[in-house]
């Protein structure tokens, strides 16, 4: 609410005001005016209503809002008026007989802390109507007598609030700010009514935070805001020197009001209503920032005062900044005063206590009031505090001198908005009201009335900087607040703005404060008895007068925006808090109080730094460790490779899982198992699936296998017979050197081979059980096929009988068909890649040139930036003289294309001969699965004729013959082939457009050549025409012997691998990403016993096939038995 706005429910109770000109009327006349203004005061029937009116008036008093400077020039006159009024205020009709009053009411009121004379007079005036009426009367009387003001406020609340335990309040010695207007007498609560009003309701803990704030409706509150919180009113007006205090620098860009005029509240306190204060209060009243009361949660004493819901903590509000003399104190009355972000440090306790004892200049020792420092520094201009002046006069000794705010009022720093930030445990400071309550009894009688020692947790403004008595000890209970000392006993959470009080020139203790000012140590002054010996204000300790207000040089910086978001900059915070902490031993008491604040805050300091620091400390051990991690940093391309292949394999695994489940269901249906048996089988499959997922993550290495013998050596790998260490099972292990795969650009081919071997779920393809890799090599662990390959058999036999050729070609047709059904093209069907198992049936192997037309099978996918390397399907310079290449002439394309084709001829690539490769593959004109049927025709020719149809001296000539197959293909008559065999060869070895098999393998199966083959039955179940001879499980006699010179030696392997791979790494390449998703483990791996244990050759031979193919059903039923598994396999 803007200052000039009138809150809802505003009542025109604006008392008479004094003229702006110098006041020259006599004291008697002034007293008359004041009395007239008092008659106009509203008289609410009950305290709550009065409080409500108070809140309205206090927050709405237009005089306070709009004419704050009006009395700025009347300090001297007001002081004179005060002096003249003091005798009247002190007059008590104690002579009246108590017989005229209700003894019970008298006793209750006295118990509440009211002076006997005051109570008797009130009861007499109200005809013993009710305690509330008496309290209301006392409230009016308190306008005339400052000491009564505090007692009325302190005592009335407990009574009206049914003496709620939470209503423990401390009387605040407050000097009435007799500005000559009843406005100054009326509690100036300009905030929203009760609920929102900063004015503390009688039940509100804040009401006590308005230390001495009178009952609502009573003018006491007005005085409370402006007067000492000791409950004692300093009757003798302070000398006019009070004016000497220069106004503090205007907040945030406001020009300082002329001296002697009370500037309107700072812009940051929109709702603060400047109150009229007595001349004494003209002194800068320490700006009360929303400092959380004493120890509440987190060490702050719980808000002892029963915070009435009417007075919710004003979290958004900020305390009042110190206002210099001549400047109206900023009254934080409206709960909307300071809508500090609740996140503000000051709001950490949830109460943005704008209520903070705005009236408190001095906080009792027990009170730990955290008041965020004003955004601007207090200047030494506030030469003498009203208390200092008063000490010189009849006023009670001020707890702070020279305009310096009492330690309780002092704010450690902007960051110390919460009690936890302040050292609630300050030695001298009594955080617990109960302690301070005992102090009140000891405190010098400030108001002559002993204010009940309700002991709310008194949050004292910890002026860690200003507080010369850094230890709250300075606020000892014995110490008596000066007349101007407003000892605000703020209930733990000050939920309502405290009544306005003179705020000392704001201390630049914000988080952005330039530097921690060198505070002048302030001598601890002994407490002087207040001029009016009134009962000791409970819990009201007098702050010794501050020697001198801190002097800042230059105006403070404006609040930065980030402060409003609870991010006070860390450096200022440290500059303020740390110096006091480090210099603690030598610092004056004010710094000691800051130390106490530091002590309390120490536990939360780091956390606070984390929350308030805008700068994140990056350099820590964890970060360094993270940087030093051994995990390699891969390129984005590597991530692309991994994710593309990983996602594909994850989806594939899911599909395979569904397939296995369906397969099991079909098998159980076919077998006709009972329901219980089916359920058991399903459970077993589920368990096996779970185990499989776990096993797939198990790392494998070559140490798990023992090499027995080398079976063959290829272009960049070798095949050897190996035994698995744990299961003793025999496997054929194919090892590929990564360096050769990379250099020959065979990554795509290896990936394609791995895929087809892993996906192959039929008996025509060698089964892959495991694939894994290490730093240097890739490993395929496959079925060991002891019968050797077709080439070895061809070499031994020379020419096959047509019946044997028919049998093998029929099985080869079925094998190629199975590969095509899986979506692959072998592209390298030749006798070397056809293996014969122990029962004489064939299996396809070596899918190094196989492709599935997948992006992972494309060599270009694995090439980055360099010029493209040629794969094994390109022409090799070993084929002949490159100058004889006629690719350009033959293709007749653009010259660039011809040049590229010629480069292919020059490129190193294919190892071996192109005898079995279809012409479209060599020409790269585009090919389909039909290219494999070409190879079948060539193999049939070789079986029956004894040599390939396109045999030549060099690979290049062979390639030329293949390309010119129309003229080079001749079936020699001496071979004496049957017309069916010749016709089949001719129909398979022709152009793809009319090649047999174009419409599927059935075309081939229907050819007359296979008229004696029953493709409808499983060929593998038929007896083979040739059964290889196997003498023992590790018999390798069916394989051609390996040249010892070509054998891999471990030493050479290490040297070659290291040299080659080091070269790759030196060039900045990371080829390892080419082998992502290479690892594989078969679901049905025969438990590691593809052939069981070695048995007699005959027995093994008979049951070999069954043992190779696993049956999930049998596997689950027989447990360790591994034979006859042919139902479920992958």
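The backbone N, Cα and C atoms fix where each Cβ goes, glycine too.
Feature annotations, reproduced from Swiss-Prot:
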BINDING   711, 712, 713, 714, 715, 716, 717, 718, 719, 734  ATP binding site
COMPBIAS  1-11  compositional bias 'Basic and acidic residues'
COMPBIAS  19-30  compositional bias 'Polar residues'
COMPBIAS  46-64  compositional bias 'Basic and acidic residues'
COMPBIAS  167-179  compositional bias 'Polar residues'
COMPBIAS  235-268  compositional bias 'Pro residues'
COMPBIAS  300-312  compositional bias 'Pro residues'
COMPBIAS  381-405  compositional bias 'Polar residues'
COMPBIAS  434-447  compositional bias 'Low complexity'
COMPBIAS  454-482  compositional bias 'Polar residues'
COMPBIAS  579-609  compositional bias 'Basic and acidic residues'
COMPBIAS  621-630  compositional bias 'Basic and acidic residues'
DOMAIN    1011-1090  domain 'AGC-kinase C-terminal'
MOTIF     373-376  motif 'PPxY motif 1'
Neighbour count, 10 Å Cβ-Cβ cut-off, for residue 717 (ATP binding site): what number do you get? 22
I'd like to know which of the binding-site residues 711, 713, 719 has the most other Cβ atoms within 10 Å of its Cβ. 711
Per-region confidence, the domain 'AGC-kinase C-terminal' (1011-1090) (mean pLDDT, whole number): 69
Residue 711 (ATP binding site) -> DSSP, reduced to three states, gives strand
